[in-house]
Amino acid sequence: MELKFSTFLSLTLLFSSVLNPALSDLCNPDDKKVLLQIKKAFGDPYVLASWKSDTDCCDWYCVTCDSTTNRINSLTIFAGQVSGQIPALVGDLPYLETLEFHKQPNLTGPIQPAIAKLKGLKSLRLSWTNLSGSVPDFLSQLKNLTFLDLSFNNLTGAIPSSLSELPNLGALRLDRNKLTGHIPISFGQFIGNVPDLYLSHNQLSGNIPTSFAQMDFTSIDLSRNKLEGDASVIFGLNKTTQIVDLSRNLLEFNLSKVEFPTSLTSLDINHNKIYGSIPVEFTQLNFQFLNVSYNRLCGQIPVGGKLQSFDEYSYFHNRCLCGAPLPSCK
């Protein structure tokens, strides 16, 4: 009798879940409600077609659920045609660890202030959009961020110095915007990790902070700005820097006086006002890429290492640089 009742109960629950899928949903109902409101705010775009009220939101495209809590922990809308501003509703997904809007040319307006509510956020990527306005100071409140990418937008104004207060940041991308002003001095005083730093293709001016001498950047790209003066503070014999791009600025310093880390594999300093000679220590470095063209360098290119593996375009248009792969010195 007990076996029959147990079988009957199991069948009843099975048929109930078939007739009412909501009973078998893993998705948290509060999260589902917020997601459906986000879909509506974006005008029901095709990329969110799988977001239907009668299905489990843990199975929806562009979202993932935590395997233990079943709360939405990732919202990633990539290369789909969503239009308008980022809805404030994104701040009502309290368990988000990843938020991404990427390659959304019709996404406009400022960076949504409600994002500051997402204290558990680890990765924020708002890139290749038409977002405008400033880089907001409130981003420094997201202490769990390990990755911040605001590249390829229309952001303007100064870079907030408070971003150096993000203790877990592994990479900071602000490249390909319209940012102005100086690089914050505080970027030479990151309180935790030293992040890979990408500030290229902006309108930044002034000197590179001397505090950078204290930072050991693995990768740093400051190219295509209006930076002036001495960039030697980026380098150092005891650092572990691998990739440096300072090209197309107004930098002016003596290359032969710089101590370079043995870890350096890529150096691009083309189109500056850098003078001196190419250090003989370059023959000891395992360069995968090198470009020192369009500067004011003189003297013979040292022979050895990888230096002769690069063509003349890596060296030409200097004041009096000579030797292979350029013409012989006279």
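Glycine is no exception: its Cβ is also placed from the backbone N, Cα and C atoms.
Database features, via Swiss-Prot:
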- 1-24: signal peptide (SIGNAL)
- Cys27-Cys57: disulfide bond (DISULFID)
- Cys58-Cys65: disulfide bond (DISULFID)
- 69-92: repeat 'LRR 1' (REPEAT)
- 93-118: repeat 'LRR 2' (REPEAT)
- Asn106: N-linked glycosylation site (CARBOHYD)
- 119-141: repeat 'LRR 3' (REPEAT)
- Asn130: N-linked glycosylation site (CARBOHYD)
- 142-166: repeat 'LRR 4' (REPEAT)
- Asn144: N-linked glycosylation site (CARBOHYD)
- Asn154: N-linked glycosylation site (CARBOHYD)
- 167-192: repeat 'LRR 5' (REPEAT)
- 194-215: repeat 'LRR 6' (REPEAT)
- 217-237: repeat 'LRR 7' (REPEAT)
- Asn238: N-linked glycosylation site (CARBOHYD)
- 239-261: repeat 'LRR 8' (REPEAT)
- Asn254: N-linked glycosylation site (CARBOHYD)
- 262-285: repeat 'LRR 9' (REPEAT)
- 287-309: repeat 'LRR 10' (REPEAT)
- Asn291: N-linked glycosylation site (CARBOHYD)
- Cys298-Cys320: disulfide bond (DISULFID)
- Cys322-Cys329: disulfide bond (DISULFID)
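Features as recorded by Swiss-Prot, highlighted on the structure.
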{"residue": "Cys57", "record": "disulfide bond", "contacts (Cβ under 8 Å, 6+ apart)": "Asp25, Cys27, Asp31, Lys32, Leu35, Trp51, Val63, Cys65, Ile72"}
{"residue": "Cys58", "record": "disulfide bond", "contacts (Cβ under 8 Å, 6+ apart)": "Asp25, Leu26, Cys27, Thr64, Cys65, Asn70, Ile72"}
{"residue": "Asn130", "record": "N-linked glycosylation site", "contacts (Cβ under 8 Å, 6+ apart)": "Pro105, Asn106, Leu107, Thr108, Asn153, Asn154"}
{"residue": "Asn144", "record": "N-linked glycosylation site", "contacts (Cβ under 8 Å, 6+ apart)": "Glu97, Lys119, Gly120, Leu121, Lys122, Asn168"}
{"residue": "Asn254", "record": "N-linked glycosylation site", "contacts (Cβ under 8 Å, 6+ apart)": "Ile274, Tyr275, Gly276"}
{"residue": "Cys298", "record": "disulfide bond", "contacts (Cβ under 8 Å, 6+ apart)": "Tyr275, Gly276, Ser277, Asn318, Arg319, Cys320, Leu321"}
{"residue": "Cys322", "record": "disulfide bond", "contacts (Cβ under 8 Å, 6+ apart)": "Gly299, Gln300, Ile301, Ser328, Cys329, Lys330"}
Which residue among the glycosylation sites Asn154, Asn291 has the fewest other Cβ atoms within 10 Å of its Cβ, if you could check? Asn154
Whole-number Å value for how far Asn291 (N-linked glycosylation site) lies from Asn238 (N-linked glycosylation site) (Cα to Cα): 23
Counting only residues at least 6 beyond its ends, the same-chain positions whose CB falls under 8 A of a CB in the repeat 'LRR 3' (119-141) are 86, 94-111, 113, 147-160, 162-163, 165-166, 168, 173-174, 179
Let me spell it out: take the repeat 'LRR 9' (262-285), skip the flanking residues so only those 6+ beyond its ends count, and list any with a Cβ under 8 Å from a Cβ in it. 223, 231, 235, 237, 239-256, 291-307, 319, 321
What does DSSP say about Asn106 (N-linked glycosylation site): helix, strand or coil? coil
Which of Asn106, Asn238, the listed glycosylation sites, has fewest other Cβ atoms within 10 Å: Asn238
Could you break down the residues of the repeat 'LRR 8' (239-261) into DSSP helix, strand and coil, giving a count for each? 3 helix, 6 strand, 14 coil
Please list the DSSP helix, strand and coil residue counts for the repeat 'LRR 10' (287-309). 3 helix, 8 strand, 12 coil
Based on DSSP, tally up the residues of the repeat 'LRR 1' (69-92) by helix, strand and coil. 5 helix, 9 strand, 10 coil
